[in-house]
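Engineer: Just lifted these from Swiss-Prot, have a look:
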- Cys66, Cys68, Cys81, Cys84: Zn(2+) 1 binding site (BINDING)
- Asp472, Asp474, Asp476: Mg(2+) binding site (BINDING)
- Cys815, Cys889, Cys896, Cys899: Zn(2+) 2 binding site (BINDING)
Amino acid sequence: MAFRKENKIKSNFSKISIGLASPEEILENSSGEVLKPETINYRTYKPERDGLFCERIFGPIKDYECHCGKYKRIRYKGIVCDRCGVEVTEKKVRRERMGHIQLVVPVAHIWYFRSLPNKIGYLLGLPTKKLDSIIYYERYVVIQPGVKAEDGIAEFDLLSEEEYLDILDTLPKDNQYLEDTDPNKFIAKMGAEAIYDLLARLDLDALSYELRHRAGNDASQQRKNEALKRLQVVESFRASRGRNKPEWMIVRIVPVIPPELRPLVPLDGGRFATSDLNDLYRRVIIRNNRLKRLIEIKAPEVILRNEKRMLQESVDSLFDNSRKSSAVKTDANRPLKSLSDSLKGKQGRFRQNLLGKRVDYSARSVIVVGPELRMHECGIPKLMAAELYKPFIIRKLIERGIVKTVKSAKKIVDRKEPVIWDILEHVMKGHPVLLNRAPTLHRLGIQAFQPKMIEGKAIQLHPLACTAFNADFDGDQMAVHLPLSNEAVLEAQMLMLASHNILNPANGAPITVPSQDMVLGLYYITKLRKGAKGEGLTFYGPEEALIAYNEGKVDIHAPVKVIVKDLDENGNIVDVMRETSVGRVIVNEIVPPEVGYINTIISKKSLRDIISAVIKACGVARTADFLDGIKNLGYKMAFQGGLSFNLGDIIIPKEKETLVQRGYEEVEQVINNYNMGFITNNERYNQVIDIWTHVNSELSNILMKTISSDDQGFNSVYMMLDSGARGSKEQIRQLSGMRGLMAKPQKAGAEGGQIIENPILSNFKEGLSVLEYFISTHGARKGLADTALKTADAGYLTRRLVDVSHDVIINEEDCGTLRGLVCTDLKNNDEVIATLYERILGRVSVHDIIHPQTGELLVAGGEEITEDIAKKIQESPIESVEIRSVLTCESKKGVCAKCYGRNLATNHMVQKGEAVGVIAAQSIGEPGTQLTLRTFHAGGTAANIAANASIVAKNNARLEFEELRTVDIVDETGEAAKVVVGRLAEVRFIDVNTGIVLSTHNVPYGSTLYVADGEVVEKGKLIAKWDPFNAVIITEATGKIEFEGVIENVTYKIESDEATGLREIIIIESKDKTKVPSAHILTEDGDLIRTYNLPVGGHVVIENGQKVKAGEVIVKIPRAVGKAGDITGGLPRVTELFEARNPSNPAVVSEIDGEVTMGKVKRGNREIIVTSKTGEVKKYLVPLSKQILVQENDYVRAGTPLSDGATTPADILAIKGPTAVQEYIVNEVQDVYRLQGVKINDKHFEIIVRQMMRKVTIDEPGDTRFLEQQVVDKLEFMEENDRIWGKKVVVDAGDSENLKAGQIVTARKLRDENSMLKRRDLKPVEVRDAVAATSTQILQGITRAALQTSSFMSAASFQETTKVLNEAAINGKIDKLEGMKENVICGHLIPAGTGLREFDKIIVGSKEEYDRILANKKTVLDYNEVE
């Protein structure tokens, strides 16, 4: 009898390292060698000995029973049977014991020569093709040339069979009997053995030195890059000193995973269901055994070689079957699932089993509404509760002595005997449950409720909780989970209770806002009706008013006067007389007095503000009660008012006829113009669309007036709309106005929707014609189809966001940074999009802010800007405030509380441990799905806003122009005017008295200007106007036109219009890049004055030889046709920004300030040269197909686009620096969400952008351990530079024995060494200062950033699992388990919130438990103190 050791891993580890396994390690972890390919005996169903399921190796199949049955039962535990060699133990060891297969010949590991970057190839400097031919036994490789070196044969040479045999023939006789270490011996081998020898012979230090030299000195960029790539692999092996050896990439022993992880289950009928891995292992074993036998019988080399190659292939497919070109398939032609495949993807180990586990104590059912529940309650069906709380009931049954054993208690519960209901009531008190609705898009998708037992089988949900869950009662299901431990119960009660989650973490607005019926009821009773019964009465208090109402003396809507409690200016509660209505008095019975008297009509918007005010004034608990009161009142009043609508409430305005008629007339006019040839087809189309858009919006306005004045605004449809209960202006317009313009169906992948120019003139009340109906349905169905497709994209975006930001946690109070972001009002042209108040609220100021007029200190540096302070700042003349931001936070891990500011879900400063990264990701991802789901509500109606085409003075002001260049013309009315020909013209409106700049506008190129610089204008004066449909090119000189390179069907095509017979010249992209269409302007004598390039797509409106005056249009370029604003712009745009992708047509941007000169045309590109005042010259090539936005002699600033197109974030980063690009991304993404009406606080975007900017790339490595072009963490970079700061590098070691050239030493060590040498009169050490590394900030897309995180576990569970693990293993990476994902994977508490490591010592439980623990601790503590 022998005993075996047990080695268990402790679960409280703090880091995980990964590396290559050495053959010794594999042997150490193995419990025995698998020799036979057999699995189990098909008759007895017992495992075969030495096979893949052998009990001797992996442990017994039944608990405490050996194979032959000699030892049974637990008393023989640990004994190894002398007959069958099986250890008597539990059967679960079959889940953890490994075996191994000893291979006859080594094989290469497929991860390290098949996947890119090819590690073995880089180490040996061999290309993949050559490597393959060695590994798969096609070529010999010379490992040591020996005596053949003089014949020009070098190491790493490949030899074919013949060459190899020739060389063997010419070798001296005794050569093959020399020792392998003898430098004269010629050695060449093939297969993985050869690679093994080559890798084992590598001297990494020498190789590293040589490659560094090559990378530093090679002139050719390609060879330099090659050296750098190899260097990275070499350095990673050197860095993991001895933990990883290169030759371990060659496998000599294949580990066999435990049998329970690759089960084999007998089905009925003598068939077996098996894991694919068994097949793969069997092939390896069969081939290995066959090779053994062939070697024993001394088979010819050819046969052996073939068998070796097959062995290599079988091990390849075991490790990674998907990498191979010819994957091993089953009979059903399905590729087998190899070890790598079981890690990858959504169904792989990481995402399926480690990050997403199924849990016990959970239930799921349909939800129904529970209007009588309190805010923190939910209704749980009796049967469900009995099952969920089963163990608790059993415990109580035994405690109360109703039963003696657990078994009998179980029976009672299963039979649902009446005694258990009473116990269940008791157990459920103070033991909340968690409700969750999939998809859980943000943290409000899981909330805790106090359960109430109900009859029936459906879960009851509080109506106000629906918004957060995005639930409705049309058959949605929800899952219930039960928190078990004391800690979990406490967290559920304190942090997750629904009545505590009233605010939305994305923007701080209340999320439990009553909707639909509730809003309608409140709106109805707070609306006033002139001439109602009892109008004008006066009451001495709310009570009297209510009595009068109940007695029927006064109508609920009648305007009356009542003395009520309200707030005065200082916020004290006083009695005042207010003109109000009984309805409003009833509402104010519920409103807490601290908020004052609400004397307005209540809509959904105002309700949200009231709830915010209640939270600020009274705290969360009172707000929950208030919400319950509001809910009850709202439902009651909506029911009492009988607020439904009938067909008569949908009123069609009588002006509709005339409006439509007028539209037709205008369209007729446009078509006439087109037929006469005054306008192009494109212009006609744009104008028609414009006309109908105007008609539609005018009709909408009239409709709104009509419907709102109907029955004093008590029209049911109008009330639903106005209160915000249901419906939108769009929808009502379609019910009783006209459906309007619809989007045109387009082919998949086509850019932006065109609009059908014939509008649908009918509305739904009149009914649509067949054609109209057809167009209508198309839009509606497209909306539904889009939704389904986009939801997946939104989910994937959320996943990437979470992955990039999950390790951002508040880790300290204050990082002490002095930097911040400057915040101002966010404006677009002239209209304020986000006020300074919104942007600084809840942030922390960097400096003291002092009121410029009164000199009072508004807020000290490092203090939170509260509502009051923000209001004061907004009202003062202060334009900008520098605030702390996550983007400038200098915390080493996570971010600090001061830089983050206020936690939006609580309205207090954020606490340490808050998982702000995940909150940010959820806040951005959750509306992503909303964005996508928003398309179809208008039923595919085209939202097209007519472009404005003029600048009109909004105030009386003085004008100042900048960069203005004009030419004088006479416009079509005969007035003198100027045409702007500069691209950078700006006009500033300046207040005549104060000199403050009121607004700035860009004056577009080609606009007609009606004022002069410095002129003072009245409000409403037209400053400039331009053609909204076409971009133009205007001549600045008078003369004769001469075309060059304008050749029919090469650089232009003629489009003749069938309708008008007019012909237009349209420039097309020519295949022949030497032909550049351009127009020269010549003087009378034929001297060249100016040349204009004609851009692709331009319509030429003049003829060759024509005389032109300055200011005339030469070319019109139709602007993109009015596109239907659909979210299709939304989500892809957000993705594009977060992935830092370059847009499809990037603009060419100037990197310096300077003057523009046009260069030659090179290969279809126009050269633009920018010369700065300092004489620096930059050349840019712009494709001729693009319109060039600058002209000869223009002065441009750095960052100005030279051609049309979108600016790329990379350019902004390179030219304007990190801050500019951070603000650009935040603002651009915000724009997309704003367009959809989604409010998200800036700080969430800032967190994501911070994660995108974590890395720098090394320009000059200096004396640091970095390599050129290496991408490293900013922090790591700074630490490494600090490490070598002030140290010296040995240039010449002199006579020193301790130091050698190239070593980095401290000044002190150097001094000691040199003084010692000096005393002994030896040559001193020569040194130079250590050079620090330099770097450039880079911007990474979220996917790249998530894959480059410091934690390999997090990266591997995200994407490209095998590649990440492969890299990590070679680098011998260590995961410190700092983020959330890693800890979830390891089954630890997450390092955020209550899981912060500093809270480890907190114990939640009853007093008795605490005392017991203390008693146990005391003995330990005394012992520790002695130490």
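Yeah, the Cβs are placed from backbone N, Cα and C, and that goes for glycine too.
Distances, neighbours, how buried they are, the whole picture for these features please.
Structural biologist: Counting Cβ atoms from all protein chains shown, Cys84 (Zn(2+) 1 binding site) has 16 others lying within 10 Å of its own Cβ.
Asp474 (Mg(2+) binding site) carries neither a helix nor a strand DSSP state and counts as coil.
Annotation for Cys899 (Zn(2+) 2 binding site): spatial neighbours Cys815, Thr817, Val844, Arg884, Ser885, Val886, Thr888, Cys889, Ser891, criterion Cβ-Cβ under 8 Å with sequence separation of six or more.
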Engineer: For Asp474 (Mg(2+) binding site), which residues in the same chain are close in space, meaning a Cβ under 8 Å from its Cβ, but six or more apart along the sequence?
Structural biologist: none
Engineer: Of Asp472, Asp476, Cys896, which is closest to Cys84 (Zn(2+) 1 binding site) if I measure between C-alpha atoms? They're all binding-site residues.
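Structural biologist: Given the candidates Asp472, Asp476, Cys896, the nearest one is Asp476.
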Engineer: Express the distance between the Cα positions of Asp472 (Mg(2+) binding site) and Cys896 (Zn(2+) 2 binding site) as a whole number of Å.
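Structural biologist: On Cα coordinates alone, these residues lie 39 Å apart.
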Engineer: May I ask which residues of the same chain, at least 6 positions away in sequence, place their Cβ under 8 angstroms from the Cβ of Asp476 (Mg(2+) binding site)?
Structural biologist: Val366, Ile367, Arg437
Engineer: What is the Cβ neighbour count of Cys81 (Zn(2+) 1 binding site) at a 10 Å cut-off, with all protein chains included?
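Structural biologist: Around the Cβ of Cys81 (Zn(2+) 1 binding site), 22 other Cβ atoms lie within 10 Å.
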Engineer: Compare the Cα of Cys896 (Zn(2+) 2 binding site) against each of the binding-site residues Cys66, Cys68, Cys81 and report the nearest.
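Structural biologist: Considering only the listed binding-site residues, the nearest one is Cys66.
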Engineer: Go through Cys66, Cys68, our binding-site residues, and report the one whose Cβ sees the most other Cβ atoms within 10 Å.
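Structural biologist: In terms of Cβ crowding, the pick is Cys66.
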Engineer: May I have the list of same-chain residues other than Asp472, Asp474, Asp476 whose Cβ is within 8 Å of the Cβ centroid of the recorded Mg(2+) site, in sequence order?
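Structural biologist: So the additional residues around the site are Ile367, Ala471, Phe473, Gly475.
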Engineer: Does DSSP give Cys896 (Zn(2+) 2 binding site) helix, strand or coil?
Structural biologist: strand
Engineer: Cβ within 8 angstroms of the Cβ centroid of Cys815, Cys889, Cys896, Cys899: which residues besides those meet this for the Zn(2+) 2 site?
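Structural biologist: Other same-chain residues with Cβ inside the cutoff are Glu812, Asp814, Thr817, Arg884, Val886, Thr888, Glu890, Ser891, Val895, Ala897, Lys898, Tyr900.
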Engineer: If the Zn(2+) 1 site is taken as the center of the Cβ atoms of Cys66, Cys68, Cys81, Cys84, which further residues of that chain fall within 8 Å of it by their Cβ?
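Structural biologist: Apart from the listed residues, the neighbours are His67, Gly69, Lys70, Tyr71, Asp82, Arg83, Gly85, Val86.
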Engineer: For a quick check of packing: other C-beta atoms within 10 Å of the C-beta of Asp472 (Mg(2+) binding site), how many?
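Structural biologist: For Asp472 (Mg(2+) binding site), the count of other Cβ atoms within 10 Å is 10.
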